[in-house]
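Trainee: Following this message is one structure expressed as structure tokens.
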Amino acid sequence: MARYVFITGGVVSSLGKGLASAALGALLQARGFSVRLRKLDPYLNVDPGTMSPFEHGEVFVTDDGAETDLDLGHYERFTGVSARKTDSVSSGRIYSNVLEKERRGDYLGKTIQVIPHVTNEIKDFLRVGEDEVDFMLCEIGGTVGDIEGLPFFEAIRQFAQDKPRGQCIFVHLTLLPYVSASHELKTKPTQHSVKELRSIGIAPDVLLLRSEHPIPEKEREKIALFCNVRKEAVIAAYDLKTIYEAPLAYHREGLDQAVLDAFGISPAPKPNLDRWVDVMDRLEHAEGEVRVAIVGKYTQLEDAYKSIAEALTHGGMANRTRVRAEWINAELFEREDPSPFLEGFHAILVPGGFGERGTEGKIRAAQYAREKGIPYLGICLGMQMAVIEAARNLAHVKDAGSEEFDHEIGRKRYTPVVYHLKEWIQGNHIVERKHDDDKGGTMRLGAYTAALAAGSRVATIYGSTEIEERHRHRYEVDVRYREALEGCGLTFSGMSPDGRLPEIVEIKDHPWFVGVQFHPELKSKPFAPHPLFADFIRAAVEVSRLV
């Protein structure tokens, strides 16, 4: 039976609960325990799949096709444990489940209420898989006091009451603001946050104090006294140069020991933190630097491409090279010649996205990389833009475009070399889709197998002719243009097992030019960099040596 750690936040949002949860999971693993991490989001969307990247940031996709919060990416990167659909839930999903049960008559005519029906649904979610691991770490999104989060806080309060004593603990992350005029840290916001938490029946066992400045011992003692927490369980959470320092930093501060003490686990197994020491060594002792241009649509918010940024860092680790990623709005290239902006970069990456805005700029970036011999990695829409560029400029399909862009305005302007995907094989059945289907949850989502051409660049990179990668798309390159494009040098080196869906394109007579329909960044980890990103950065290093 799993022990439960509930991670909550107070004072302000975006303090780093997800990273704290991921780091704690990594530390418990380092002591020999098995872990699973979960995220409970209070928003009323069923999932983040239809939310704007500017609202939510990246949508992280799991192997089984769940569209989830980017924190699940942190969980996977830090622990290596693949997330599942059952590791993410929102208020919208909970209420949807409750209302479906009411319509079916599952409640036998009872009046449906937040307590007990909504809270019971949340508790049922928490119980799934509790016999599989030693520790279940559950992060509650938002901050204590948010009206949307109240059912979740009530549910975890009840859940802890239902379990035997010592099976659940609460870790609360707050902010210690620094007042520069008086040169002091203020503890009152933390005290009020804990007071708010205690008022709804939850007493924190461990406090994490986010601070930019050193926390004096007397302030820790004061917080321990007023918040009724052991002084050893008052843990500093300082700002760090890199998120990958978090496991070592939290271990130095005693987080993992405080958690094990709260559970009464003694003597605690000693941690083996060698993998994290190696990660930091590779980051701190990089032997060079490469510049990578990310030509995207949502560049104002880097969280929109969080996994890509981290995967590039991992690729740098694999080559002991520092990666300086620079974000360029693709719309700029629709007005300007990309050459002055892209000169000096050692590689170009065009990530995924939706809609026509910025796509002509991405096409011009792909053309620049192809013509100048600059390493290019196109992901999802980035692959489609590379194909459209090749169709226009090499295969002489002058009006080549995507069916997505015509569908947006309701009239035909392009010859669609990229079309709306109407059916595909998933497991043992065929999935069918129409243009007027609901937007949410209707894309080709999750892990799918691809067959790679023997002798191709990607087969060499992967060391295999069969791979499995995660997808999130509803448009696909039309395989009917394969012959024309391959005749111009663009090889379809990866296909779905049935040969109908192009998964990878590459240019052989180019230092490094690869487009992939899937999202390799979602499977990259600091201690296991994704092979595509590792080789992409290797190619960038080669270019940097020629400059």
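Including glycine, each Cβ sits where the backbone N, Cα and C put it.
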Trainee: Among Asp71, Asp87, Asp106, Asp124, which is the one Swiss-Prot gives for the ATP site where Ser14, Leu15, Gly16, Lys17, Gly18, Leu19 also bind?
Mentor: Asp71
Trainee: Select one of Arg291, Arg457, Arg470, Arg474: the residue that Swiss-Prot places in the L-glutamine site alongside Gly353, Leu381, Gly382, Met383, Gln384, Glu404.
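Mentor: L-glutamine site check in Swiss-Prot: besides Gly353, Leu381, Gly382, Met383, Gln384, Glu404, the record includes Arg474 out of Arg291, Arg457, Arg470, Arg474.
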Trainee: Of all the binding-site residues given, Gly16, Gly353, Gly382, which has the fewest Cβ neighbours within 10 Å once its own Cβ is left out?
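Mentor: If we count Cβ atoms within 10 Å for the binding-site residues Gly16, Gly353, Gly382, the smallest count is at Gly16.
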Trainee: Cα of Lys188 (UTP binding site) to Cα of Leu15 (ATP binding site): how many Å, rounded?
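Mentor: With the alpha carbons as reference points, the distance is 17 Å.
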Trainee: Between all pairs in Ser14, Leu15, Gly16, Lys17, Gly18, Leu19, Asp71 (listed as ATP binders), what's the biggest Cα distance, rounded to the nearest Å?
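Mentor: Site span for ATP, by Cα atoms: 12 Å.
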Trainee: For Cys380 (active site, nucleophile), which of the listed recorded positions (Leu19, Ile147, Lys186, Pro189, Thr190, Glu521) have their CA atom within 10 A of its CA?
Mentor: none
Trainee: Taking the residues Ser13, Lys186, Thr187, Lys188, Pro189, Thr190, Gln191, Lys222 listed for UTP, what is the greatest CA to CA distance in Å, to the nearest whole number?
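Mentor: This binding site's residues have a maximal Cα-Cα distance of 24 Å.
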Trainee: Look up Leu381 (L-glutamine binding site) in the DSSP assignment and report helix, strand or coil.
Mentor: helix
Trainee: Please identify, from the binding-site residues Leu15, Leu381, Met383, the residue with the sparsest Cβ neighbourhood, meaning fewest other Cβ atoms within 10 angstroms.
Mentor: Leu15
Trainee: Calculate the per-residue pLDDT averaged over the domain 'Glutamine amidotransferase type-1' (291-546) and state the result as an integer.
Mentor: 92
